[in-house]
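Read through the structure below, which is laid out as structure tokens, and then see the notes.
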Amino acid sequence: MSESWPAPAKLNLFLHIIGRRADGYHLLQTVFQFLDYGDSLAFESRPGGQVSRAEGPRDLPEADDLCVRAARLLLQETGLREGVRLRLRKRLPMGGGLGGGSSDAATVLVALNALWRAGLTTDDLAQLGLRLGADVPVFVHGFAAWAEGVGERLTPLPDLPVPWYAVVRPTVAIATAELFADPKLTRDCVPLTIRDFLSGAGGNVFEPVARARYPAVAQVLDALSAYAPARLTGTGACVFAAFADEASARDALRALPGEWSGFVARGCNTSPLQDRLRRMSVDEGAA
Ligand SMILES: C[C@@](CO)(OP(=O)(O)O)[C@H](O)COP(=O)(O)OP(=O)(O)OC[C@H]1O[C@@H](n2ccc(N)nc2=O)[C@H](O)[C@@H]1O
Ligand SMILES: Nc1ncnc2c1ncn2[C@@H]1O[C@H](COP(=O)(O)OP(=O)(O)O)[C@@H](O)[C@H]1O
């Protein structure tokens, strides 16, 4: 039915908590930037109403898979009688702070909306996505952004520097909910402005608690810091550092102990998903 569609990773270039909602959810300030690296999805047409998964993470039941949930949500919202079999090629570690599950869901919403000509606007899709996870809207919109609220109030940042990043994955699984519940977590950061961030302010409030709970995270942060300032993305476990060129990022990655996996990727201020969507529109226009 279709060629593959990218579901890129994100980094949180900084991540602060400035308060809490009445329901206990934390109010954040963060900057999202995409990477030209991630999962990919292909879609095969199926009889009306059927949504299934051909491949996918083995330890993730089909009904819980955010891709499957996103396709079902789109059918439910639009009342369309389409069916689809999803082929997810997973490259991003689950629960790595790279937003893989949210990105997969956003790609399903954006791609199927286009392939099925469902006619929902980007804002409609972002609102639908928010029901699946706080990080889905930024992947739907596809622009690097300053984010507030739980991550859904977005201001585009089209001119961020686009360095090469070394991203390293400590061999540990972090439970997001546990870190958010940690009594030592700083929850009262003074709100920053975009200008403060662009002048170098801001860190990741989860770093001290992740360091304390997961020695492997502390080891990776310290090891990567020998090459460039290293930071946690999201609630971790992945750690990243920026480099001026690809070779320097690869050298740093190579120099780290072999037990940690990682990759090198370029930062992007427009998501590869948006590029793919535009390519489809151009191809259709030419046909
Ligand atoms: C921290 C961020 C930053 O990008 O990234 P990740 O590390 O997950 O990629 C996200 O905001 C993660 O948002 P989201 O993807 O919705 O988190 P979930 O795993 O669903 O949240 C698990 C639990 O963490 C707590 N939680 C989550 C988000 C938030 N703003 N406040 C919270 O208190 C809630 O207890 C929630 O039930
Ligand atoms: N398609 C999917 N890919 C990854 N995780 C998924 C998916 N569907 C559901 N999940 C769930 O979402 C959780 C968060 O995954 P992910 O978005 O990859 O990490 P993070 O939120 O740390 O960036 C996973 O632990 C998993 O239980």
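Each position is counted from 1, following the chain as shown.
Cβ atoms are placed via backbone N, Cα and C, with glycine included.
Around the Cβ of Lys10 (active site), the number of neighbouring Cβ atoms within 10 Å comes to 28. The active site annotation in TrEMBL covers Lys10 (among others).
The domain 'GHMP kinase N-terminal' annotation in TrEMBL covers 66-142.
Cβ neighbour count for Ser103 (ATP binding site) (all protein chains, 10 Å cutoff from its Cβ): 30. For the recorded site, Ser103 (ATP binding site), the DSSP three-state label reads helix. What TrEMBL records for Pro93, Met94, Gly95, Gly96, Gly97, Leu98, Gly99, Gly100, Gly101, Ser102, Ser103 is ATP binding site.
Residues or ranges marked as active site by TrEMBL: Asp135 (among others). Cβ-based neighbour count (10 Å, all protein chains) for Asp135 (active site) stands at 27.
Positions annotated as domain 'GHMP kinase C-terminal' by TrEMBL: 202-259. Regional average pLDDT for the domain 'GHMP kinase C-terminal' (202-259) in the model is 96.
Restricting the binding-site residues Pro93, Gly95, Gly99, Gly101, Ser103 to those with a CA within 10 Å of the CA of Asp135 (active site) leaves Gly99, Gly101, Ser103, listed by sequence position. Other residues of the chain with a Cβ within 8 Å of the Cβ centroid of Pro93, Met94, Gly95, Gly96, Gly97, Leu98, Gly99, Gly100, Gly101, Ser102, Ser103, the ATP site, are Ala9, Leu92, Gly234. For the domain 'GHMP kinase C-terminal' (202-259), the DSSP counts in helix, strand and coil order read 29 helix, 9 strand, 20 coil. Ranked by Cβ neighbours within 10 A across all protein chains shown, the binding-site residues Pro93, Gly97 are led by Gly97. Comparing the binding-site residues Gly95, Gly99, Gly101 on other C-beta atoms within 10 angstroms of each C-beta gives the minimum for Gly95.
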